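Checked TrEMBL, it gives:
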- Cys330: active site, nucleophile (ACT_SITE)
- 65-70, Asp90, Arg95, 143-147, 184-185, Glu219, 330-333, Arg400: NAD(+) binding site (BINDING)
- 215-219, 274-278, Arg314, 321-327, 392-393, Arg506: substrate binding site (BINDING)
- 16-27: compositional bias 'Polar residues' (COMPBIAS)
- 386-511: domain 'UDP-glucose/GDP-mannose dehydrogenase C-terminal' (DOMAIN)
- 14-46: region 'Disordered' (REGION)
Amino acid sequence: MEYTNQTGALAILNGRGNTTSDETTLTGAAPPAARSVTPPQKRLSRPLGAIDIPHRKVTKICCIGAGYVGGPTCAVIALKNTHIIVTIVDVNPTRIAAWNSDSLPIYEPGLDAVVKECRGRNLFFSTDVDKGILEADLIFVSVNTPTKTQGVGAGYAADLGYVEAATRRVAEVATGDKIVVEKSTVPCRTAQSMRVILEANSRPGIHFDILSNPEFLAEGTAISDLMCPDRVLIGSLDTPAGRSAAASLADVYAGWVPRNQIITMNLWSSELSKLAANAMLAQRISSINALSAICEATGADIDEVSYACGLDSRIGPKFLKASVGFGGSCFQKDILNLVYLSESLHLPEVAAYWKQVVEFNEHQKKRFLHRIITCLFNTLTAKKITLLGFAFKADTGDTRESPAITLAKYLRAERAHITIYDPQVTEDQIWLDLSEPGVVDDIESLKKQVTICNNKYEACEGADAVVVCTEWKEFKMQKDPADTRGMDWTRVYEKMKKPAFVFDGRLILDVHRMEEIGFQLESIGRPGKGFRRSKDWE
Ligand SMILES: NC(=O)c1ccc[n+]([C@@H]2O[C@H](COP(=O)([O-])OP(=O)(O)OC[C@H]3O[C@@H](n4cnc5c(N)ncnc54)[C@H](O)[C@@H]3O)[C@@H](O)[C@H]2O)c1
Ligand SMILES: O=c1ccn([C@@H]2O[C@H](COP(=O)(O)OP(=O)(O)O[C@H]3O[C@H](CO)[C@@H](O)[C@H](O)[C@H]3O)[C@@H](O)[C@H]2O)c(=O)[nH]1
């Protein structure tokens, strides 16, 4: 069969999605990664972080795409490889201007220091995409791969238009051999499409090696994730040229990553591993969130259940924090991508399995809204509801797929007055997120219902309810009156309408301390006050 992506490029799969002759099977398993608990079953037959294969030394890198991945990743590469010139290029001049200024386009702890140290030394940001391509030995393609919004596969398939445009540019501009690295998260077998495009459009005699090198950094911890990755994954063809290109890239990472954490495998395994890792992480969150519903109905406490389960070394403690739902630009997009891939491969049961992870996430947000409505006497009309936090997680200004956006939209439909405070998200971004072309065009009517505040205490004044949407440290209860980083919830209580409701979508507030102040605290995964009274809880 042919699996058509929306750019028209074809990733050709045989009948059951098996590989064809030039693709080898996985030749082994990874060495123990930093977080792994189960030893690998097999060893890789390919050398790890290969150094014993003849290969070129990379001296100039170009990264196409100066976003959340391209920027931090290549800044760290420059920091750790002072002998390599790294140029990050982008078609967006505003973004490049910001990278070249004192106010970087993304908020990421530790990023400023890295950029300051390398910028102008061996790290450069430019809109001159062609020059970057022309001069580089190795090119990262780190452009966006959003979910398609129309046409075949709309709502599921990845829009590979940006990857294709960048690949075509490389083909047209390159005058010498290049290693082209897929850094973007892409459907399995995209490297094949890239190869066809490169070979069909390049000058005669030029050779391209294509590698898959998915990125696993999480926003908010990008710099520490890059500095100490669990693993660096490099996928290549199992040919002398492919292995040699992989060795060249491995050398770059070996500038700071131990060789035994740089793992190599076949291209398609590498591409799929990225989607698989995100799907499995998101699945854990949906699983714990599904259990949170049972907790709320039975009197169990989801944090205690997570703790008990996480102590089992086969399960582990990470990614078991119940919440109002996962957000971010990756989880939903990548799972839907996997769903589309499964359907394209005629695997409907597999598609349905993964789709449920996303569907439950939507349900979790609705459940939270229903709890707010029920507690607030079944009507939100004209009530002031304050959202604390708008970013999809703490320590980032990114709002992509933030649960706060969905909640704000639901609250608007209930005709509530919404006040929003977030320490990092800009006002413009919030208006952009809340206005939907074709649905909410009238920004003036939106502004009658929504207020954006730049002070967290003012945001809560006169509120009927405060909803914690993002787990920023500054929303946690202050340790003592001198603690200016936490929140003085007594001060908040005094200025709120009574009964004063707080809905904790991130499990950052202690029920006993909040009740001592006088709040009615309703947390995800914990029974509410109503339940506790009716079941003789205390
Ligand atoms: N954000 C994350 O935390 C994260 C982590 C791992 C992987 N990823 C994946 O990495 C990829 C990039 O994600 P991101 O969050 O950095 O996206 P982003 O939207 O922040 O950045 C992408 C950049 O690419 C630029 N671009 C697009 N087409 C271009 C072209 N033809 N030439 C030059 N520049 C071009 C855009 O202008 C944009 O600035 C995606 O596939 C994503 O799934 C993201
Ligand atoms: O126990 C948890 C952990 C996370 N979340 C939420 O899940 C979302 C995603 O969080 P996180 O995974 O930490 O951030 P991302 O930046 O989206 O990173 C994910 O997506 C990236 C893009 O593909 C990958 O590179 C990372 O490995 C993967 O963690 C956020 O809304 C979190 O609040 C929870 O609700 N509970």
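Cβ atoms here come from the backbone N, Cα and C positions, even for glycine.
Those TrEMBL annotations? Automatic predictions, nothing curated.
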I'd like to verify something. Among the binding-site residues Leu275, Asn278, Ala322, which ones have a C-beta closer than 6 angstroms to some atom of ligand 2?
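Among Leu275, Asn278, Ala322, near ligand 2: Asn278.
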Restricting to the same chain and to sequence separations of six or more, state which residues have a Cβ under 8 Å from that of the residue listed as 'active site, nucleophile'.
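Correct list: Thr185, Asn278.
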Fewest neighbouring Cβ atoms within 10 Å: which of the binding-site residues Tyr68, Phe392?
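Selected from the binding-site residues Tyr68, Phe392 on minimum Cβ neighbours within 10 Å: Tyr68.
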Across the domain 'UDP-glucose/GDP-mannose dehydrogenase C-terminal' (386-511), what does the pLDDT come to on average, as a whole number?
94
Measuring Cα to Cα, how many Å separate Ala218 (substrate binding site) from Asn144 (NAD(+) binding site)?
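Roughly 16 Å, rounded to the nearest whole number.
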If you measure Gln332 (NAD(+) binding site) to Gly325 (substrate binding site) at Cα, how many Å is it?
11
For Ala322 (substrate binding site), just count the other CB atoms lying within 10 A of its CB, please.
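Result for Ala322 (substrate binding site): 28 other Cβ atoms within 10 Å.
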Should we count any of the binding-site residues Asp90, Thr147, Glu215 as near ligand 1, judged by a CB under 6 A from one of its atoms, and which?
Asp90, Glu215
Please state whether DSSP places Asn278 (substrate binding site) in a helix, a strand or coil.
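Note: Asn278 (substrate binding site) is helical by DSSP.
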Just to verify a number: CA distance, Phe392 (substrate binding site) to Glu219 (NAD(+) binding site), in angstrom, no decimals.
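So the Cα of Glu219 (NAD(+) binding site) lies 10 Å away from that of Phe392 (substrate binding site).
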For Leu275 (substrate binding site), what is the tally of other C-beta atoms lying within 10 angstroms of its C-beta?
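Step by step: centre on the Cβ of Leu275 (substrate binding site), count other Cβ atoms within 10 Å, giving 23.
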